[in-house]
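Swiss-Prot has this to say about the protein:
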ACT_SITE  Asp149  active site, proton donor/acceptor
ACT_SITE  Tyr402  active site, nucleophile
BINDING   Arg116, Arg150, Glu275, Glu276, Arg291, Arg368  substrate binding site
BINDING   Asp292, Gly296, Asp322  Ca(2+) binding site
DISULFID  Cys90-Cys417  disulfide bond
DISULFID  Cys122-Cys127  disulfide bond
DISULFID  Cys182-Cys229  disulfide bond
DISULFID  Cys231-Cys236  disulfide bond
DISULFID  Cys277-Cys290  disulfide bond
DISULFID  Cys279-Cys288  disulfide bond
DISULFID  Cys316-Cys335  disulfide bond
DISULFID  Cys421-Cys446  disulfide bond
REGION    89-470  region 'Head of neuraminidase'
TOPO_DOM  1-14  topological domain 'Intravirion'
TOPO_DOM  36-470  topological domain 'Virion surface'
TRANSMEM  15-35  transmembrane segment
Amino acid sequence: MNPNQKIITIGSISLGLVVFNVLLHVVSIIVTVLILGRGGNNGICNETVVREYNETVRIEKVTQWHNTSVVEYMPYWNEGTYMNNTEAICDVKGFAPFSKDNGIRIGSRGHVFVIREPFVSCSPTECRTFFLTQGSLLNDKHSNGTVKDRSPFRTLMSVEVGQSPNVYQARFEAVAWSATACHDGKKWMTVGVTGPDSKAVAVVHYGGVPTDVVNSWAGDILRTQESSCTCIQGDCYWVMTDGPANRQAQYRIYKANQGKIVGQTDVSFNGGHIEECSCYPNDGKVECVCRDNWTGTNRPVLVISPDLAYRVGYLCAGLPSDTPRGEDAQFTGSCTSPMGNQGYGVKGFGFRQGTDVWMGRTISRTSRSGFEILRVRNGWTQTSKEQVRKQVVVDNLNWSGYSGSFTLPVELSGKYCLVPCFWVEMIRGKPEEKTIWTSSSSIVMCGVDYEVADWSWHDGAILPFDIDKM
């Protein structure tokens with residue numbers, strides 16, 4: 001065979017192999033298409049089938065894997081539907097940890113906001129932590145002087161519950177140095193108070209858009225709850241105060257639908273003082289346990305009906321729950337009048353359980369340190385001192401601060417009642433510690449059907465930071 005014939009033979013064989021390879025690929029593609037086109041009912045391949053029913057309760061997800069079907073029920077919420085929130089509060093035996101953000105510990109080396117007044121509120125699909133930033137980060141020069149409550153740099157922002165208030169995950173909500181927020185089932189509503197002390201303005205946002213305003217009517221630091229507002233069947237309710245912090249002020253209840261104010265009423269409470277109410281839905285009404293910053297060491301109670309009729313008084317229990325306060329043994333309690341004759345105070349909360357009450361308070365009688373929650377038999381309706389349960393959340397060796405209430409809606413929890421939850425703020429820095437800043441983190445607890453052991457879920461940050469040593 002001459003050289004030309006050898007070249008032709010080798011080329012022919014190579015071309016044949018190429019054609020054969022192409023044919024194999026074509027056959028492989030055809031076989032694959034035919035097998036997949038049969039619907040996968042032979043169970044050879046993994047397959048997920050999602051069936052979306054015309055309900056607001058669930059999506060059924062069926063996963064077929066190696067001839068085995070696994071059915072999961074996934075929470076689903078029709079965003080065009082209002083939450084009900086007319087159910088009763090669940091009766092609980094204790095409170096289990098829900099989340100802890102550890103914001104100050106993380107903030108020593110992370111991009112975490114300087115904050116105060118954190119609170120939690122829930123939609124049908126998630127809970128979020130809201131907080132008032134100081135327009136600055138921990139361990140940064142702009143954190144200097146952030147002990148101040150009101151400034152043009154303060155904003156309301158939020159993250160998913162449990163996340164630190166960091167710059168990467170935080171969502172802007174409103175310009176505010178006082179705020180509240182809640183979800184009606186369709187969208188988030190926020191109320192942010194900002195501006196000068198004598199002419200402050202509260203801007204209502206719905207779905208992230210400004211929809212209404214409330215101007216200061218008494219010209220003396222208009223302010224609101226610093227915790228979740230309350231939505232019932234599409235209408236959202238919150239409480240505002242305007243006037244002195246240490247004597248008679250003026251109080252109003254507001255009602256909004258889709259971010260537009262549709263009603264308001266003045267609360268007549270001569271001799272009593274209401275600030276920073278912690279509110280929650282219960283049996284179709286809004287129940288609030290507030291702060292008396294004037295004289296009382298017992299807490300004001302405000303119960304609001306959908307038509308804005310209200311009942312106002314004090315938490316009856318024969319144990320004080322404000323700080324500072326006197327000895328338990330010397331306190332008698334009252335359902336109608338302030339008791340204890342101690343000025344100042346701290347934001348707190350309580351939950352009605354039939355005629356009983358769960359009431360939170362600092363462990364220290366004189367400072368914002370430690371935190372415990374007590375169940376007092378008949379404490380909602382009588383001046384009872386009978387403690388039937390007590391649970392420690394932060395020990396008295398560690399700082400606490402504000403505390404407040406919220407509930408898990410049935411659409412989120414899957415229960416037939418509203419799960420009572422609370423958060424405890426743990427303030428660090430000025431005025432108690434040698435830093436240039438003031439900030440806080442929080443622990444969040446939710447009611448369960450079991451007793452929960454005492455422990456201390458305190459802040460745990462080691463101070464001072466580098467910025468404090470410069």
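If you go along the chain as it appears here, the first residue is 1 and each next one adds 1.
Placement of Cβ uses the backbone N, Cα and C atoms for every residue, glycine included.
A map of Swiss-Prot features onto the structure.
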residue: Cys122; record: disulfide bond; DSSP (3 states): strand
residue: Cys127; record: disulfide bond; DSSP (3 states): strand
residue: Arg150; record: substrate binding site; DSSP (3 states): coil
residue: Glu275; record: substrate binding site; DSSP (3 states): strand
residue: Cys288; record: disulfide bond; DSSP (3 states): strand
residue: Asp322; record: Ca(2+) binding site; DSSP (3 states): coil
residue: Cys335; record: disulfide bond; DSSP (3 states): coil
residue: Cys421; record: disulfide bond; DSSP (3 states): strand
residue: Cys446; record: disulfide bond; DSSP (3 states): strand
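When secondary structure is read from DSSP and collapsed to three states, Cys182 (disulfide bond) falls in the strand class. Look at Arg116 (substrate binding site): DSSP puts it in a strand. A C-beta separation below 8 Å, combined with a sequence spacing of at least six in one chain, links Cys288 (disulfide bond) to Val239, Cys277, Ser278, Cys279, Tyr280, Val301, Leu302, Val303, Ile304. For Arg150 (substrate binding site), the nearest of the recorded positions by C-alpha distance turns out to be Tyr402; the candidates were Cys90, Cys182, Tyr402. When Cβ atoms from all protein chains are considered, those within 10 Å of Cys236 (disulfide bond) total 27, not counting its own. The average pLDDT computed over the region 'Head of neuraminidase' (89-470) stands at 97. Using a 10 Å Cα-Cα cut-off around Arg291 (substrate binding site), the recorded positions Cys182, Cys231, Cys236, Asp322, Cys417 reduce to Asp322. Cys127 (disulfide bond) sits 33 Å from Gly296 (Ca(2+) binding site), taking the C-alpha atoms as the reference points. For the substrate site, whose binding residues are given in the record as Arg116, Arg150, Glu275, Glu276, Arg291, Arg368, the maximum C-alpha distance rounds to 21 Å. Cβ neighbours of Cys335 (disulfide bond) (same chain, under 8 Å, six or more residues apart in sequence): Gly313, Tyr314, Leu315, Cys316, Thr381, Gln382, Thr383. The secondary structure of Cys231 (disulfide bond), as reduced to three states from DSSP, is extended strand. Within its own chain, Glu276 (substrate binding site) has Arg223, Gln225, Glu226, Ser227, Thr241, Cys290, Arg291, Lys347, Tyr402 as residues 6 or more apart in sequence whose C-beta sits under 8 angstroms from its own. Secondary structure from DSSP puts Cys236 (disulfide bond) in a beta strand. Note: the Ca(2+) site is recorded as Asp292, Gly296, Asp322; in the same chain, His273, Arg291, Asn293, Trp294, Thr295, Thr297, Asn298, Arg299, Pro300, Tyr314, Pro320, Pro338, Gly340, Gln342, Gly345 also have Cβ atoms within 8 Å of that site's Cβ centroid. Looking only at the disulfide-bonded residues Cys277, Cys290, Cys446, the densest Cβ neighbourhood within 10 Å occurs at Cys277.
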